[in-house]
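Since the structure comes first, as structure tokens, the remarks are kept for the end.
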Amino acid sequence: MIQAERDDEKAKVSLEEMKKGSDRDTSEDMGRVLEEDDGLPAPGTEERIIAEKKLLRKLDMRLLPTIFVIYIMNYIDRNGITTARLQGLQADLNMNDVQYATLIAVLYASYSPAQIPSNMLLNYVTRPAAYIGICVVAWGLTSLLTGVTVNYSGILACRFFIGLPEAAFYPGAMYLLSRWYTKKELSFRSAVLYAGLLLSNAFGALIAAGILSGMEGKRGIRAWRWLFFVEGAITIFIGLNAMWLLPDYPSNTWWLSKREQRLAQARISEDAGEADKDNAEDSPMKGLKMAILDPIVGLFAIMALVQLLGLSFVSFFPTLTETLGFSTTITLLLAAPPWIFAAVVCCINAWHMDRTGERYFHIAGWWWVVIVGFIIALSTMSTAGRYVSLFMMACGYAGFAMTLVWVSNAVPRPPAKRAAAMAIVNGVGNLGNLIGSFVWKSAWGPEYHQSMIISLCGLVLSSVLSLVIRQMLVKKNKKLDRDERAAMDDANRERVAEAARLEGLTFDQAMERRKGFRYLY
């Protein structure tokens, strides 16, 4: 603390000297003074740009591959039950269709509500890498144990308990990304994360095709049990490695130097004009209260719920592919290409979203593609038409992948509120998957017309709600454009002061920079 105060004093003295007698370029002087003070190069200088690129490259090489692989296993473990069904799981455990639908739904009964306390805890703990890694190991173990169940009660318990540790990952990973990347960098990184989910549907089907076709009866064990044993063991191994591969927060990641830690904090504070940290009074419970009372968070939550109701076909994708009329192995192989295509679309969409800063059309536009896919599937039972519709349906997740990115942009500070808001939106949203578990009834197959009409209506409603959110953010920005004092009034003085310390600025200079903050819509 004493050292920080000395740093502030030295920076302020240097700045005063510059004001009194120097005619040189301000940014060059700032960079020289701060470098002498072992601080950071000034924003916009060549040295600062090089330092940031080096930090991002170091971060990307560890963070992105790790969460990408974890997310692949997250959905493979979650949806293993849908592929196992094709090889006799439902018959072996004597389940009827209602029990199977309940099996799909019960995961979300634990997964959705657990996300809020999990993200609140994640914002509170100092080692998010260890927290996330332990949760990955826990759901891998639960997935493995699914393979030894012998009745409906046993597998129902496994499905319920796998939802608890899984709840920590997606909203937790998205929150962790928001602590490291600026709003113009976050979309593409989030898309890389979500591409893991999309590819998990492809790889999960391919892995399942190999196991289900080649391990039936090995050591007297059914192939669907081997599926859970193999996938669970892989997840446990990945979780153990995630504990040291993932970063913690910018202020305490052990594999970054002190200068890199300070740079990571400074660039995020510069992005919003305030330091990305909670004040002493910003407790997890206060953050939760702030998020609940913010009407835009409630709109995001309802939007996510009806959106995921519209996209709930994901849990039944192998079953929908089976309506094409091929064998189990061919069905699983055909289920992979739509998700590979969707992963590519997701990354391209996010890349363009980062470049333009636009949010609404990059998200809602893909729901409209799904709606067209539903209309095609409602109109024909031809193999070609149905298969094309599956590609279009899978692309809807390119929009959902950006939902929490938009939440992060719309609710930037304090971190305690942002963590709670992201968990609320994703937790409430996944109730749409729970409802959707009962929408895709086998009795409505193979056409599933009723299921598609319900899902289509959900996507229309989510489009309307997202348009309302967009207009609310437009109105907020117009207010900031009309009255620069509004940006100053909304600022938190403690976080602005911390941003000034990190950048080596005076408080007044930091407040002036805060005026440039705008919401993305």
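The backbone N, Cα and C atoms fix where each Cβ goes, and this holds for glycine too.
Copied from TrEMBL, the annotated features are:
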- 1-38: region 'Disordered' (REGION)
- 1-34: compositional bias 'Basic and acidic residues' (COMPBIAS)
- 63-478: domain 'Major facilitator superfamily (MFS) profile' (DOMAIN)
- 128-146: transmembrane segment (TRANSMEM)
- 152-170: transmembrane segment (TRANSMEM)
- 191-212: transmembrane segment (TRANSMEM)
- 224-246: transmembrane segment (TRANSMEM)
- 296-317: transmembrane segment (TRANSMEM)
- 329-351: transmembrane segment (TRANSMEM)
- 363-381: transmembrane segment (TRANSMEM)
- 387-407: transmembrane segment (TRANSMEM)
- 419-440: transmembrane segment (TRANSMEM)
- 452-469: transmembrane segment (TRANSMEM)
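Same-chain residues lying 6 or more positions outside the transmembrane segment (191-212) and placing a CB less than 8 Å from one of its CB atoms are 64, 67-76, 79-80, 83-84, 86-87, 173-174, 177, 223-224, 226-227, 230-231, 314, 317-318, 328-329, 332-333, 335-337, 339-340, 342-343, 346-347, 349-351, 394, 397-398, 400-402. Summarising model confidence by region, the domain 'Major facilitator superfamily (MFS) profile' (63-478) averages a pLDDT of 86.
The transmembrane segment (419-440) is in contact with the transmembrane segment (296-317), judged by 3+ CB-CB distances under 8 Å for residue pairs 6 or more apart in sequence. Listed as Cβ neighbours of the transmembrane segment (224-246) (distance under 8 Å, sequence separation of 6 or more from its ends, same chain) are residues 62-63, 66-67, 69-70, 73, 76-77, 80, 83-84, 87-89, 92, 128-130, 132-148, 176, 207-208, 211-212, 215, 218.
Through the fold, the transmembrane segment (452-469) approaches residues 296, 299-300, 302-304, 306-307, 309-313, 360, 363-364, 367-368, 370-371, 374-375, 377-378, 396, 406, 410, 432, 436, 439, 521 of its own chain, all at least 6 residues removed from its boundaries and within a Cβ separation under 8 Å.
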